[in-house]
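Undergrad: Would you mind keeping the following structure in view while I ask a few things?
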Amino acid sequence: MARSVSVWFVLVAIVCSVTAISAEESSESKEFVLTLDHSNFTDTVSKHKFIVVEFYAPWCGHCRNLAPEYEKAASILSKQDPPVILAKVDANEEANKGLANQYDVKGYPTLKILRNGGKDVQEYKGPREADGIVEYLKKQSGPASAELKSTEDATKLIDDKKIVVVGVFPKFSDEEFESYIALAEKLRSDYEFGHTLDAKHLPHGESSVTGPVVRLFKPFDELFVDFKDFNVEALEKFVEESSIPLVTLFNKDPNNHPFVIKFYNSPNHKAMLFANLSAEGIDSLKSKYREVAEQYKQEGIGFLLGDLEASQAAFQYFGVQESQVPLIIIQNNDGKKYLKPNLKADDIAPFVKDYKEGKVPPYVKSEPVPEENNDPVKVVVADTLEDMVFKSGKNVLLEFYAPWCGHCKKLAPILDEIAVHYEKDASVLIAKLDATVNDIVNESFDVRGYPTIYFRSSSGNITPYDGNRTKEDIINFIEQNKDKTVKQESAKDEL
């Protein structure tokens with residue numbers, strides 16, 4: 001009897017152990033990130049007031065790195081009350097590309113916050129690791145603006161490193177308050193918002209402020225600024241304009257990076273002064289630059305001060321050298337650049353004035369003109385683009401490429417073969433231009449990826465090539481588009 005009872009307990013223990021293992025495996029294998037596609041996307045999203053969707057591609061390395069963090073965050077957020085739902089869509093799948101276009105997916109991974117059944121869409125602008133995702137989405141899924149009932153509440157929200165917007169109201173039920181909350185909902189991905197009935201809770205001891213008023217706290221310039229127009233569009237413009245420093249500092253301090261991003265994303269023309277900020281005598285240059293920024297701040301120009309040590313990528317992009325600092329570059333909304341190297345403090349104001357009056361010629365970044373250009377595919381640089389393509393009197397097939405582009409490397413030997421094919425036809429030129437180190441100032445060419453190929457006939461017709469990248473297809477394209485008159489004249493010349 002005792003032996004049978006003992007065996008029974010052993011069996012129960014084994015069953016319980018197996019059950020526990022199975023439950024553990026089941027828990028570990030459970031996916032908390034919802035998988036959506038074109039067939040269930042709209043129905044699923046419409047059922048949620050708040051859902052986050054990742055658009056990804058299976059081949060994308062950044063997506064693979066994000067996947068375990070995203071899953072871990074989804075697991076944690078599923079236990080919130082109410083739970084926060086995370087989902088994903090394979091945007092590389094042909095059937096889902098309509099969704100990707102609908103949500104303006106231009107790279108991977110792209111994360112979108114969808115509110116109110118998908119009626120409101122915002123960019124996810126938070127961290128990419130699990131804990132950061134969780135904290136960011138807790139804030140995003142909660143109230144758009146936090147009520148500040150005490151000095152402690154205000155201190156937790158407002159610090160000296162970020163933009164914070166606070167509304168001061170006599171009551172939380174009037175039209176101004178509703179407009180403010182509408183603003184907070186609209187801009188909550190970019191800024192933190194609070195509201196209070198008592199201004200004495202706020203920094204700087206402004207207890208006399210009774211509202212309604214919106215106060216924007218910032219870690220630069222005058223530290224805070226007030227606004228009393230409660231039209232939502234006017235409020236949004238106030239917040240966007242007030243959250244950019246008079247002079248944006250670009251150095252290695254990560255606290256400045258959000259303001260640098262805002263500077264480059266603004267619609268203003270962009271003045272950028274690059275200098276060694278630790279050099280002797282730099283204070284007079286900075287002071288004069290700030291004076292000029294103050295003078296032109298209402299005239300559509302933003303101002304940035306870049307430290308030489310942090311600006312190497314910018315130097316490479318603009319094609320300038322360290323020997324040219326102090327250096328000012330102004331870039332307009334058409335991408336044209338205007339440059340003055342080795343400037344002194346007293347040069348800043350006249351240069352900006354001349355720029356505004358259209359007296360400064362644009363600067364064009366160009367590689368040096370090749371001393372020899374004997375390969376079958378001829379090299380074009382910015383300084384020779386006009387002569388070799390527009391004034392040559394030839395039919396020109398021009399490739400815009402990047403040295404690191406795999407598709408360009410694959411195309412290179414094919415273009416060599418095509419160039420050899422046309423060696424005896426003086427009317428045809430096969431050429432290439434490195435678009436990473438040469439400015440493309442001619443508006444006839446719209447280069448948004450590599451390789452981009454254009455054909456300009458000798459009579460001036462410009463046609464983009466978007467066919468198959470084979471020798472036969474490209475030659476057929478050239479034959480169909482080249483100027484026949486030139487072809488005949490070339491044949492006569494050869495005779």
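Glycine is no exception: its Cβ is also placed from the backbone N, Cα and C atoms.
Here TrEMBL flags 1-23 as signal peptide. Sequence annotations record features per position, and here TrEMBL assigns domain 'Thioredoxin' to 12-142, 339-483. Per TrEMBL, disulfide bond is recorded for CYS60-CYS63, CYS405-CYS408.
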Undergrad: Looking at the domain 'Thioredoxin' (339-483) alone, can you tell me the average pLDDT?
TA: 95
Undergrad: Do me a favour and check the Cα-Cα span between CYS408 (disulfide bond) and CYS60 (disulfide bond); whole Å is fine.
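TA: Taking the Cα atoms only, CYS408 (disulfide bond) lies 20 Å from CYS60 (disulfide bond).
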Undergrad: Within the domain 'Thioredoxin' (339-483), count helix residues (DSSP H, G, I), strand residues (E, B) and coil residues, in that order.
TA: 48 helix, 28 strand, 69 coil
Undergrad: Give me the CA-CA distance between CYS60 (disulfide bond) and CYS405 (disulfide bond), in Å, as a whole number.
TA: 16
Undergrad: Give me the long-range Cβ neighbours of CYS63 (disulfide bond): same chain, 6+ apart, Cβ under 8 Å, in sequence order.
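TA: Expected: GLU54, TYR56, ALA57, TYR108, PRO109.
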Undergrad: So among the disulfide-bonded residues CYS60, CYS405, CYS408, who's got the most Cβ atoms within 10 Å?
TA: CYS408
